[in-house]
Structures are given as structure tokens and as C-alpha cells.
Amino acid sequence: MRETITEIILTRTFKDSAVSTFGTVANGLLGVAYYILMARFLGPADYGAFSVAVAAIALIASVANIGIDTGILRFRGESKFLKLALRLKIISSLAVVILGWFLVPPLTLILFAKPELVVPLRLALLGVGTSLLFSFSTSALQALEKFWTWSFLNIFANAMRLISILVLLAVGGLGVVAGLYGYVGAPLVGFLVGFFFLPRFWQQKNENKVLKEFLNFNKWVAVFTLIAAVAARMDIFLTTRLLTLAQVGIYSVAVSLTGFISQIVLALASVVAPKLPRFTNHREAIVFLKKLQLFVLGLSVAGVPAGIIIGRILISRVYGSQYLASLAPFVILLFAQAVFLVSIPVHTSIFYYFSKPKVFVFVGALHLVLVSFLGWLLISRFGYVGAALTMLVGNIFNFIAPGIWVLKEFKKAQA
């Protein structure tokens, strides 16, 4: 056992993962500080409105991304793919802002029956554009395996958000709208800074020649991303529909406190992604995935009890008494995120080793149906605790179902 752990520590994957994890934790701490300030000074109701807008940015950006970031990782940051990816992101961003501006008012009334969300959701459209551009820079750096630079860029962007709040507090102008301007502006600055660390990909010509190859891989990723993005935010949108904005704010505190684990998952997945396509046989891949599984399992086992202690302190002493009810959904969501972390080897092997993203289309569709119906029932009965339970059940399903497929594929090859 000791030799196995030593082997894991000495691998480049572990070292890259350590860099990414360090950067993600530092970035996550800045994010926690940012959301604490927003929650404390806005209050539950306004923080609920802010959180709905942030969730909308994440959902729409995931869909509008049409699998581009995954494609950048898959093709390891080659210049022709980078130039094509940036062009597609700009087109997608403009389409979202133009179409969304007219669609937001009627959709807000139909989906949420809360007209006070129209202005925040319109501002969220701008956030979609800046998020798409920023994720281009970060995905390119990951594909090029520049993990220190990737960490710096993420930390820089979140630091900019935190500074924007401090400035607004100093001038007495912090509100939902002003806070959203700071939230959506920071990624744009991060995108521009990231350009200095990328190769001169814009000088590449004939990038259209790889359009078919790029989109052929991305099509299944895009469909899966659409399904997964809706399922991942279904808890926020159902709570917005069924509960008050103040209750949404209380639940959103639990979501934001556990959100940094999702960032760790994405960071580790991006480290693994460029390496998996290099394996030429199942034996090598299995050895690699076993080490990775042990690593993420260790992180989960150590992280849950530590997270409960830290979360309890933050909610009771930092967020304030108005958010004490956030503790119960926080603990449940922490377990849900631990399951998500343990799922990394299964998910990344399907995408980057087997190159079968369409598997997740079917798994994701079932997952979406599950969390939609279960969420409506549990939230209607148990409020935001029901929302947290829904996410836990959904993540367990998302680990077991694709895990069975991966095991069958490896056993089939060994037969």
C-alpha cells in the first residue's frame, strides 16, 4: 500500500494535480470570501436574486459553449483548433446576448413568475459572453499543460471580483445590479490577460479545414453539456419557482460553500484529459485510472469531515444568524460533491480514453428526468433540504450508471 501511494505521488499527473488543486483551493477561498460579502450585505432575498442570475450565467454559458472547451482539451491546444474555438465562442456570445435580450422578460414570467428577476437575468446575458471568453483562455492553458499559469489566471479573475465588492462597499453602492456588473466584468479582464500566455494561434491559417473534425467530436459533448447543465442547476431553478427568493438565498449559501469542490473536479479532470488519449492499450489505462481513483477517494474521505467543520464555523460566525438554516443543505451537498469527486476516473475515461461522449447523452437524459421529478416532489415537501437531497441522489446515479458501462468495456476487452 505504501509503495502504491509513493508511486502516485511521484507521477507527473499527481504533481500537475497538486498544482491545479492548490490553485483551485486558493481560487475557491477567494470565491468563498466573495460570496460571503455578497450574502452578508445583500441579505437573503437580494442574494437569492443574485444567485439566480449567477446560476443562469453558468447554465447558458455551458449550453452556448457547445462543447468547445472539451474540444480544446481533446485536441491538446493546437493553434488551428484554438483559432477556430475562439471564433465559435464569439459568434455564440453575440447570439446569446441579442436573442436573450428579447426572450428574458417573457421567459422569466413563465418559468419563475418573479418579474423582479428580469433585470438581473438580462445582465446575466453579458456574463455568459465574458464567461465564454474567459473559459477559452483557461481551457487553452489546460490543454497546453500550463497549470501554474492556469492557476494564476483563475485566482486573478476571482481577486478582481472580490476587489469590485470592496470598492462598491467603500462607496456605498453594493446592490444586486452593481454586484452583477463586477461579477461579469472580471472574466473579461481575465480573458485579456490570458492572451499574453498563449501562443500566437491567431496567425494560423486554414482553420476551417478542421471544422468538421472539431464539430464531429463536439456534437455529442454539446448535447450532453446541454442536458448536464440543466440537470446541474435544476435545484436552483426549482427552488426559485417553488420557494421565496429569501429561501433561495439561504439555499444558495450552501451551494456556494460547496461549489469549490466542483472546481477541484474540473481542475483534476483537465489534468487527466490530455493524458488519457496517449494510452495505447487498456492495461496502461487501467493502471493509471486505479491510481487516480485512489487519489480522489482519499481527497473525498479527508474532505468531508473537514468541510463540515469549516462550513459550520463559516455559516454560524461569518455569514450571520440569518443564514443558520443553510447548514442542513450544506452538509447534504457536501456529500453530493464528494460523490462527484470520486466519479472523475469514470467520467474522464469515457470522454478522453474511450472517446464516447454519446454515452453521457443517454446517462444525462435519465439523470435530468430523475432530478426534475424528484426535485419537484422533494422541494415541494421539504423545501431547500429537498433540493440538496435531490442533488445527492442525482450524483450517486451519475457515478453508478456510467461506472457500470466503463467496467463492462474493460472486461469486454480482456475477454
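Even glycines carry a Cβ here, placed using N, Cα and C.
TrEMBL does not curate its annotations; it predicts them automatically.
Noted in TrEMBL for the protein shown:
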- 21-41: transmembrane segment (TRANSMEM)
- 47-68: transmembrane segment (TRANSMEM)
- 88-113: transmembrane segment (TRANSMEM)
- 119-141: transmembrane segment (TRANSMEM)
- 153-174: transmembrane segment (TRANSMEM)
- 180-199: transmembrane segment (TRANSMEM)
- 220-238: transmembrane segment (TRANSMEM)
- 250-273: transmembrane segment (TRANSMEM)
- 294-315: transmembrane segment (TRANSMEM)
- 327-347: transmembrane segment (TRANSMEM)
- 359-379: transmembrane segment (TRANSMEM)
- 385-407: transmembrane segment (TRANSMEM)
>> Below 8 Å between Cβ atoms, which of the listed ranges 88-113, 119-141, 220-238 makes the most pairs with the transmembrane segment (180-199)?
In response: 119-141
>> With Cβ-Cβ distances below 8 Å as the criterion, list the same-chain residues six or more beyond the ends of the transmembrane segment (88-113) that contact it, or say none.
In response: 52, 60, 64-66, 68, 121-122, 125-126, 128-129, 132-133, 136, 237, 240-241
> Does the transmembrane segment (220-238) reach the transmembrane segment (359-379), going by 3 or more CB pairs under 8 Å (6 or more apart in sequence)?
Replying inline: yes
> Which listed range (47-68, 153-174, 294-315) shows the maximal number of Cβ pairs under 8 Å with respect to the transmembrane segment (119-141)?
Replying inline: 47-68
